[in-house]
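Engineer: Here's a structure for you.
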Amino acid sequence: MSASFTTIAWRNDAVLLLDQQALPGEERYLTCTRFEEVLTAIRDLTVRGAPAIGVASAMGIALGALSLPDDSPEAFCNGFEALCDRFAQARPTARNLFWAVERMKRCFGEHFHPDTSSECSSAAPGKEIARTLAAVRKALVAEARRMAEEDVAINRRIGHYGQVLIRDGYRILTHCNAGALATAGYGTALGVIRAAREAGKQVQVFADETRPVLQGARLTAWELQKENIPVTLITDSMAGFLMKQGRIDCILVGADRIATNGDTANKIGTYTLAVLAAAHSVPLYVAAPLSTIDRKLSSGNEIPIEERPAEEILTIRGVPIAPAGVEVYNPAFDVTPGHYISAIITEAGIAEFPYESSLERLFLSFP
């Protein structure tokens, strides 16, 4: 089962993005020919979801490298560093963004050696400089495209491991969108649901709308309908009542950053669901690639939380819904403590509490 749309792709020296701001009303694509357009798309949620942001950042960096100056290796190197810095500042919470920037920097370091050094230098003759920089650009584009291909394969492995947790007939609650729209393809949390369906299991999805930007209503419901997966849309405030009624068998969410103790930053409202799930003995599963795990962080207290514009709460699709001048607090994410999470599903297998040891075992076991 594969999605009938493309979230992100490299086409003819440009980055093709499905405009998720236009969904569900219109399925349209943006062709970004300048890296600034990719940056804007990341910031304004045209492309969103941690894995998709990572791939978009890599492609944006590769795109920007195509127009870096050829005057000297030093100018090229300085321009590349500035380019990476711009993308690293695009959104602060998504670990995959920083992972992608770091990986593109490594690729650059491996191929940028005009004078047999990875340091910025202007020592090489003109023609040799041009050949070297052309090779660097080619390598960066290839790396970004490789990351997109790897992401789809990783998501399929997440689905393979995660679907064993899903029994036939399960009723699954989702939050935000962690599907093909949030990745280069297939999805993390929705990838588990796809894999369960491919294994012949029947499932029913309850998608909560996910205020304030309505990713559940606009994106998850749209994506599941495209796949003919049964989905029922609910408001965020209905989730607890469904659990009380015994109508939810498990909760499946993605993640934007995970600390080594399992504390998980995900779309605002995830923590609320986790507390409700614990009160009703409903398992909550997090599906995310290993690249989302920040091994430098010992707990979720260290995860930076992005705050979004007030307009996201004050308006819906441009229509005001609150009195002018009211104060607004709009964190994009919250952090769910690891002890509320029943399992973290990765491409290397499933980790369970306590996560410090189980996640480390997955890292050690995976190439």
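Just so you know, the numbers here start at 1 and follow the chain as drawn.
Placement of Cβ uses the backbone N, Cα and C atoms for every residue, glycine included.
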Engineer: Per Swiss-Prot, which of Gln204, Gln215, Gln225 sits in the substrate site along with Arg48, Gly49, Ala50, Arg91, Asn266, Lys267?
Structural biologist: Gln215
Engineer: Show, in sequence order, which residues other than Arg48, Gly49, Ala50, Arg91, Gln215, Asn266, Lys267 on the same chain lie with their Cβ within 8 Å of the centre of the Cβ atoms of the substrate site.
Structural biologist: Ile53, Ala94, Cys176, Asn177, Ala178, Ala182, Gly254, Asp256, Ala332, Phe333
Engineer: In sequence order, which residues at least six apart in the same chain have a CB under 8 Å from the CB of Gln215 (substrate binding site)?
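Structural biologist: Result: Arg48, Cys176, Asn177, Lys267.
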Engineer: Reduce the DSSP letter at Cys176 (site 'Transition state stabilizer') to three states and note it down.
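Structural biologist: Where Cys176 (site 'Transition state stabilizer') sits, the three-state DSSP reduction gives coil.
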Engineer: Rounded to a whole angstrom, what is the C-alpha distance between Arg91 (substrate binding site) and Asp256 (active site, proton donor)?
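Structural biologist: Roughly 11 Å, rounded to the nearest whole number.
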